[in-house]
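Below: the structure, in structure tokens.
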Amino acid sequence: KLSKQKLCLLSPRLAAALPDRCAGIEFDAITPDEKGNMLFFKGSHLWTGYRGPAQPSNESFKELDDLHNIGHVDAAFRMHNPENPDDHDHIYFFQDDKMFSYYNHTLEDGYPKEIQEDFPGIPTHLDAAVECPKGECIADSVLFFKGNDVHVYDVSTKTVKTKTWSHLPVCTSATRWLEHYYCFHGHNFTRFHPVSGEVSGDYPKDARRYFMTCPNFGHGGHYKVRKCSEAKIDAIATDDAGKSYIFAGPIYMRLDTHRDGLHAFPITKAWKEVTSGVDAVFFYTNKIYLIKGDQVYIYKTAAHYTLIEGYPKTLKEELGIEGHVDAAFVCPNEHTVHVIQGQTMRAVDLTATPRAETQVVPMPLSDIDAARCSAEGIHLFKGSQYYNYESPMMLALSKIAPVPQNITKAMIGCEE
């Protein structure tokens with residue numbers, strides 16, 4: 001990439017100035033590390049995560065400037081190879097005709113190597129690279145980009161198929177995020193299908209609106225992750241596929257994708273009719289129920305969320321109850337939604353027509369913000385703390401509230 005070579009010629013004074021990605025930067029490489037922190041490389045600098053200043057890349061990966069004292073990275077990706085634990089989650093960097101393999105920011109023995117030693121058939125001086133797990137690609141693969149050519153490397157067979165995607169801009173970096181694939185060019189990006197290269201939707205888009213926090217840019221990305229001690233959520237729920245969501249004010253976050261970094265989106269991005277936040281959320285039979293005020297919105301979860309015809313309906317019509325809902329939860333493989341209203345918990349049979357209460361019990365707690373039922377039991381969230389119960393029955397029988405525990409980063413993605 002010419003832009004990388006030009007960087008090497010900068011005067012020491014200019015090179016010492018930290019680049020500002022909000023000014024509009026063409027990144028050299030983008031990859032998550034083994035913990036899910038997204039790394040953005042430009043010249044001899046990198047950014048960790050979606051906010052914060054640049055730092056010299058050799059502070060984190062000191063060997064990267066041993067070869068030419070320039071520190072640039074042509075391409076980078078995080079290996080997806082669960083059948084080989086010695087390789088899985090290692091971060092690969094490509095620099096001219098060499099490559100480096102890191103784990104926990106430590107260079108693996110025997111590196112750097114010639115690219116051909118680990119990836120036979122892959123050219124040197126790459127533009128970009130991105131991993132593609134089996135299921136999203138036909139087999140666990142790595143896509144290597146050079147010009148308009150894409151070299152698809154099969155991790156298990158070590159074979160290469162080359163495709164030409166002339167409809168796609170020349171990618172200076174590429175990354176996989178939340179099961180989607182992105183080609184970065186200039187300060188823009190284009191989302192593409194990893195097998196066909198097909199681009200669907202309105203692209204290119206400005207990376208500053210989606211992949212970093214910049215003044216005067218954003219699509220809801222101005223949400224600041226709260227400290228766990230200040231956390232307050234409105235709802236939390238997990239679908240049948242294990243995708244976990246939290247809702248707070250006008251935003252939601254996917255929790256199960258923490259290895260890709262946590263990121264806030266406006267609720268209206270996925271559920272456009274739900275314009276003023278939620279009071280409670282639960283999943284049942286491949287549908288998501290969002291409750292706000294006395295309205296229930298039900299969406300099919302397949303592909304893009306689709307509002308079911310005839311919705312929203314009132315709480316009375318849908319669940320046979322009235323009044324403000326604080327929280328709701330459905331336990332795995334069960335057909336009852338437990339609705340919390342003040343100090344009362346109501347059980348509603350979701351298989352009945354029409355739906356109606358089957359049980360009403362008092363609770364030893366009030367002002368619950370959110371609730372979730374999982375294999376670990378029931379968590380009732382209140383401010384920055386939660387209460388744990390073994391089952392709905394134990395909660396129904398409880399006369400005294402258990403000792404509250406502090407919410408953790410692992411639970412809702414807050415900052416410790």
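Each Cβ is built from the backbone N, Cα and C atoms, and glycine gets one as well.
Listed features, source TrEMBL:
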DISULFID  Cys22-Cys214  disulfide bond
REPEAT    70-122  repeat 'Hemopexin'
REPEAT    123-167  repeat 'Hemopexin'
DISULFID  Cys132-Cys137  disulfide bond
REPEAT    168-214  repeat 'Hemopexin'
DISULFID  Cys171-Cys183  disulfide bond
BINDING   His219, His263  heme binding site
REPEAT    230-274  repeat 'Hemopexin'
REPEAT    275-322  repeat 'Hemopexin'
DISULFID  Cys331-Cys373  disulfide bond
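Outside the repeat 'Hemopexin' (230-274) by six or more residues, the chain places 32, 35-38, 49-50, 176-179, 219-221, 223, 280-283, 286, 288, 290, 292, 297, 299, 301, 305, 307, 312, 327, 329, 369-372, 374, 379, 381, 383-384, 407, 412-414 with a CB less than 8 A from a CB of the stretch. Of all the Cβ atoms in the protein chains shown, 17 others lie within 10 Å of the Cβ of Cys331 (disulfide bond).
Shown for the repeat 'Hemopexin' (230-274): DSSP residue counts in helix, strand and coil, namely 8 helix, 16 strand, 21 coil. Comparing Cα positions, Cys137 (disulfide bond) lies closest to Cys183 out of the disulfide-bonded residues Cys22, Cys171, Cys183, Cys331, Cys373.
Here the candidates are the disulfide-bonded residues Cys132, Cys214, Cys331, Cys373, and by Cα distance the one nearest Cys183 (disulfide bond) turns out to be Cys132. Here Cys132 (disulfide bond) comes close to His80, Asp140, Ser141, Val142, Leu143, Arg176, Tyr181, Pro194: these same-chain residues lie at least six apart in sequence, with C-beta atoms under 8 angstroms from its C-beta. Mean pLDDT, taken over the repeat 'Hemopexin' (168-214), works out to 91 on the 0 to 100 scale.
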